[in-house]
Amino acid sequence: MLERSLLLATLLSALCSANLFGNNSYVYYYQSAFRPPDGWHLHGGAYEVVNVFTESSNAGTTGCTVGAIYWSKNFSAASVAMTAPQNGMSWSTEQFCTAHCNFTDFVVFVTHCYKSSHGSCPLTGLIPQNHIRISAMKNSSLFYNLTVAVTKYPRFKSLQCVNNMTSVYLNGDLVFTSNETKDVSAAGVHFKAGGPITYKVMREVKALAYFVNGTAQDVILCDGSPTGLLACQYNTGNFSDGFYPFTNSSLVKEKFIVYRESSVNTTLELTNFTFSNVSNATPNTGGVQTIQLYQTSTAQSGYYNLNFSFLSSFIYKASDYMYGSYHPSCKFRLETINNGLWFNSLSVSLGYGPIQGGCKQSVFANRATCCYAYSYNGPSLCKGVYRGELTKSFECGLLVFVTKTDGSRIQTRNEPFTLTQHNYNNITLDRCVEYNIYGRVGQGFITNVTNYAINYNYLADGGMAILDTSGAIDIFVVQGEYGLNYYKVNPCEDVNQQFVVSGGKLVGILTSRNETGSQPLENQFYIKIINGTRRSRRSITGNVTNCPYVTYGKFCIKPDGSISTIVPKELEHFVAPLLNVTENVLIPDSFNLTVTDEYIQTRMDKVQINCLQYVCGNSLECRKLFQQYGPVCDNILSVVNSVGQKEDMELLHFYSSTKPSGFNTPVLSNVSTGEFNISLLLTPPSSASGRSFIEDLLFTSVESVGLPTDDAYKKCTAGPLGFLKDLACAREYNGLLVLPPIITAEMQTLYTSSLVASMAFGGITSVGAIPFATQLQARINHLGITQSLLLKNQEKIAASFNKAIGHMQEGFRSTSLALQQIQDVVNKQSSILTETMASLNKNFGAISSVLQDIYQQLDSIQADAQVDRIITGRLSSLSVLASAKQAEYYRVSQQRELATQKINECVKSQSIRYSFCGNGRHVLTIPQNAPNGIVFIHFTYTPESFVNVTAIVGFCVNPANASQYAIVPANGRGIFIQVNGSYYITARDMYMPRDITAGDIVTLTSCQANYVSVNKTVITTFVDNDDFDFDDELSKWWNDTKHELPDFDEFNYTVPILDIGSEIDRIQGVIQGLNDSLIDLETLSILKTYIKWPWYVWLAIAFATIIFILILGWLFFMTGCCGCCCGCFGIIPLMSKCGKKSSYYTTFDNDVVT
């Protein structure tokens, strides 16, 4: 209502103000008659300075001229301010004369002129002394005059021209306005001294102003700067710490259209004029004016076809002086008139007159532009057209009159014209654009997603677009040269783009785009803002243990825009509780080890709400309407932001209070895995080699698969002549004689010689072949047994491997079920968010939930009324979401407190509370990460059987020579029990009777319990049965009333419980199954046999060694290095040379070398 009042009110009698803000960088005009209430208000009236310059003087030496406009500067601006120095300028020809504003059609000026001489005041005439004149002039005529005493304006300080209602301000007060809004085309100040005059040229922008008692105290320009975007979108300049999503709607947008078809053919209408022969036409009676016209047809504009088919029975008569046709202005015949000729006007008529001169004279008489004559061998009944022939008779013919002018309004054609419009889909990518896609309009950021969508057959059945829940286009497809191209429409600005407010200051932008100058922050990118402008990237500086400002994950964003990493303070000590006992009459004497699991949610999923985008989507009309709702979005965001901030701080405190110092240090020693064999994963211990390094170097080793008996064979054949004992060292395996299959060269020589010798004398020496045959059979046995064992082991390996795979699959399946149960519990959080998104499809009583459809079907007022319902409904959904997140935060906060207690009491120590850490007496708890929480696996022992004992509270002792006293069990020692007439003490949680010692008791001074005896007057609530009747008293209050308890059997409720106990048992079974799958293979050994090199190899090595020594000695001798030889090797023939250098190179001090 405020803005509407500003536009409609008459402002001539209202004083207005124009205040300067921001180092004189902009001006804010507001009308004093319509001052808004205290607070922030968004409307027009702000003008940002875009150009500043000064002027010292322009009047010359004689002084300036008053009562006239002599100096002007040309502009094209929304506002121009001309200001004098702070002290102002006097109203005199020695300083100030005239200032004016030119609004193209009229000029507003202020001047003074107390002169009565002729021509002294050409515009205003004489102005009274000590008065000034404010006038408006149009076409050299004054239509507004206002004379003001100088007591109101003692000196000239400023004149400001504003396009809004052509307002003019003198010294900050409104002195002129009109109903027109026009830019300032020129302005100027005519003065001699007192300057300089400062000119400020401004452009108009919206502003958010803060008013106190009707006066603007602060102004924020809606100019696209970060501060302007934030303040003007949320209608406030005061922000609490947090993150504020924003949409930059001030970006310059391009436009493009996506057409359904690549080309459109449009067939234009073709008008037919059909002419025919006129029967019973009367001949003329003399002259062309008596020729009667028939079938006159006049074309208007468009395409025409003139049908003269009846002329086929007529004979065309060409022009022959005065005879026949006459059409020099028409270069066509009637038979070709439809060949695409262009006319500005066209009219055709038929007439019957003399062929002799009828056409030519008709053209001369301006009856037609062209005339075509046709003969049909008619009678000679037509009269002449010339003065001397008016009574003569001539042959009658058909005359076709054509009246035309050249142009482009009319075209003749033989067939309808088809206009082909080629549609080119020039899609603008990767920038904010306004689009018209298949008839749906909007704005968005278009990206090509063909590479991602081409394999999923989207829109494969001829569809053109996929719409989102608001009815706007989400994905559309365009037929390209090489196939279908898919495009995604995103909001012009990323929904996740948020302003960061810390310490009440706008310090940065958090966005999902990796822009220049940004730095990564968790899964977002942070851009620092200094003094309202972006700053280049800075690294994260320093660590803090806590953050009183805004936090994002583990990062603290400070009021100066810097970022620090939050490193929670670690715990330095562990605290273990003392043992305690519970009160039971039955004392357990046997126990079972029990494993129980417990899931506790410690964090919640935070949401980021772009309120404006959720409510209005891309609808510009809805966004304009939404401005009337004020700070409702700010209120919702403040709730969500505060929840997120508290969540981060409590989560950091949770980890800082539970994370022990050095918890990441692994302990790898003294690790016992019990029956679970993981030896295959450990490094085997080193063992001594069977041969030395020299043996491995000087002998060739051959490895083969051996049997367990091969180790004994190797020991038996050890030594230099061990090969002679080969057959003697044979061993038996399962009753079979076996020898290793490897035969050395010595063995081969030995057995070959034995075989050859056995064949030398036939049967006499044949017994010599027995060793050869025996060793051969033993080695064949060795190979056969080895192959059999390999096959058996292979079968065992396959069976065991299959069994292990089965158990692993079962383990994975069991783990998957446990995780699924965790997921089911955690996913309960998203139900309210799902409901919120589903609200986008609800119409809330409107005709549709699609905003664009509403504005297309209804007029503006009706559409706003319908959209108002949707806005109210969606805001309600957001409010429900904010309330749900707030309630969820309180619930999760309590869960975190419980988790802290569990970690401190169950994980870091043994709990003394029964069934607090699992079910039963606590032994050990192992925590595991889970989605949004922690899973505790509690190991406890629970009673299996109990012993029923007689418990004694204490003993009363009556000594012979002293007063009586009592003894009771000391705290934590257990209880006194009686067993078979004897007294013992045992623990409360485990039956372990033992003798009572002095350390187990506490001595009391008396055996009696102390009570305090009081009478009835002390405690007035005590009553006797004889003076209080309950039935009588209750009848006063509960008479004639009926009370029914609810049927709790019908009370159904569902609580999500995480139960992975059975899955843990199945995993334990899988572990046992994996242990069972260990393979007990038949023992095989590796037999390593060393083969000595032949004699010629050793001979070659000896020759090579001798040659190497000779060459080395010769090198030492020739290079004068024999000292080394003498000292190291003691070569006697060289001793005489050892005291000096070689004689070949001996020189003395007095030698001259040339």
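For all residues, glycine too, the Cβ spot is worked out from N, Cα and C.
Looking up ASN248, ASN280 in Swiss-Prot, the residue bearing an annotation of N-linked glycosylation site is ASN248. When Cβ atoms from all protein chains are considered, those within 10 Å of ASN164 (N-linked glycosylation site) total 17, not counting its own. Cβ neighbour counts within 10 Å, taken over all protein chains shown, single out ASN102 as the most crowded of the glycosylation sites ASN102, ASN265, ASN272, ASN543, ASN980. Between the CA atoms of ASN74 (N-linked glycosylation site) and ASN265 (N-linked glycosylation site) there is a gap of 51 Å. Taking a C-beta cut-off of under 8 Å and a sequence gap of six or more, ASN448 (N-linked glycosylation site) has these contacts in its own chain: LEU429, ASN485, TYR486, TYR487, LYS488. Taking the C-alpha positions, the distance from ASN265 (N-linked glycosylation site) to ASN164 (N-linked glycosylation site) comes to 48 Å. For ASN592 (N-linked glycosylation site), the nearest neighbour among the listed glycosylation sites (ASN102, ASN164, ASN272, ASN543, ASN980), judged by C-alpha distance, is ASN980. If you compare Cα positions, ASN164 (N-linked glycosylation site) sits closest to ASN102 out of the glycosylation sites ASN102, ASN272, ASN543, ASN980. In the three-state DSSP assignment, the secondary structure recorded for ASN164 (N-linked glycosylation site) is helix. Ranking the glycosylation sites ASN102, ASN272, ASN543 by the distance of their Cα atoms from the Cα of ASN980 (N-linked glycosylation site) places ASN543 first.
Other Cβ atoms within 10 Å of the Cβ of ASN74 (N-linked glycosylation site), summed over all protein chains shown, number 10.
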